[in-house]
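Asker: Have a look at this one before I ask anything.
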Amino acid sequence: MMYSRFRTVAKNLKSTTKPFSFTTATTTTTVSSSEFPQNLTELRARLARESPSLSDFISLKSNNAYSVEVGTKKNPLPKPKWMKESIPGGWKYVQIKKKLRELKLHTVCEEAKCPNMGECWSGGETGTATATIMILGDTCTRGCRFCNVKTSRTPPPPDPDEPTNVAEAIASWGLDYVVITSVGRDDLPDQGSSHFTETVQKLKILKPSILIEALVPDFRGNAECVEKVSKSGLDVFAHNIETVEELQSAVRDHRANFNQSLDVLRMAKDYAPAGTLTKTSIMLGCGETPDQIVKTMEKVRAAGVDVMTFGQYMRPSKRHMPVSEYITPEAFEKYQTLGMEMGFRYVASGPMVRSSYKAGEFYIKSMIDSDRAVSSQS
């Protein structure tokens, strides 16, 4: 059985805290525009050529190339060179930021201090400009140990004009793909699902061609809420499981759990119209093992999830959960290739990848366009 092989491979892919020498000759998930696969056929062909063998994983282990050590107060160490952030810029970045301030809108890009903000907002190498808008306010009712968003048991009520303001702003920006996410709103009777649905529907009316990913909270597993958002007209239903099953209680708020999140993703696949993609994401460097990661991938794929992303956890402040280790680009690429072999339609995996990373959205856009072209011919 193929999954048994994945688990055998994972046991040979050991985590380590010993530093190793990283050079630019190492293969990473970042490529130049000339090397970037331009469609899914090219991507799958490249993955087939570069499919990892058992010896690749054993090599990572023996060369201490799975992860590097995190510094401490007594033994400070610099971040690995691959974790250095780029400075945001570009005219489209400036335009979007100005409009956000005028309309008092929030983006998770800014709230979470995402390192890819400039690339995503400006279009980057692929030309697919994206942004991640956060609705339902900027204060969450939950307190996950990794998250930098403000928290409160009683946040201010949602702005009734927000769906209209968000839709009009996004429609004016010339974006190809937008991610709409929200804080958790356990204080609301419907967990904010109606507000989410209204925002998606109004944006689709103003700009039917835009692709919308809704990155939603778990709605406490409420099927009615999940169904409402799944049928709102979105193109991608995303909900993040955040970490492996074994670390859920240590990383996420006590009201969240692995099985509830998987149920949300399963329900979305059942409720959403045919052709709607489902997506999830996990952070690495929280103390998980390779074997736990592979087992989690198996369960996520069994839930029918189409797209999965992997990124390095970065500690927002000293009051947040510490980073356990920095996973290397080589290890991230192995997870990407294993994910494609498992049957995910796309896997974005790299140290700087976030759940709404635009390189992934470029391929998701290609998948949606391809699926719709086939559907229109049948």
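Glycine is no exception: its Cβ is also placed from the backbone N, Cα and C atoms.
Sequence annotations record features per position, and here Swiss-Prot assigns [4Fe-4S] cluster 1 binding site to C109, C114, C120, S356. For 125-345, the entry in Swiss-Prot reads domain 'Radical SAM core'. Positions annotated as [4Fe-4S] cluster 2 binding site by Swiss-Prot: C140, C144, C147.
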Asker: What average pLDDT is reported by the model for the domain 'Radical SAM core' (125-345)?
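Answerer: Over the domain 'Radical SAM core' (125-345), the predicted model scores a mean pLDDT of 91.
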Asker: Can you tell me how many other Cβ atoms are located within 10 Å of the Cβ belonging to C147 ([4Fe-4S] cluster 2 binding site)?
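Answerer: Looking across every protein chain shown, the total is 22.
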Asker: So which of the binding-site residues is most packed in, judged by how many other Cβ atoms lie within 10 Å of its Cβ, out of C140, C144?
Answerer: C140
Asker: Can you list, in sequence order, the residues of the same chain other than C140, C144, C147 whose CB lies within 8 Å of the CB centroid of the [4Fe-4S] cluster 2 site?
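Answerer: Near the [4Fe-4S] cluster 2 site, the remaining chain residues are R142, G143, F146, N148, V149, T151, V183, G184, D253.
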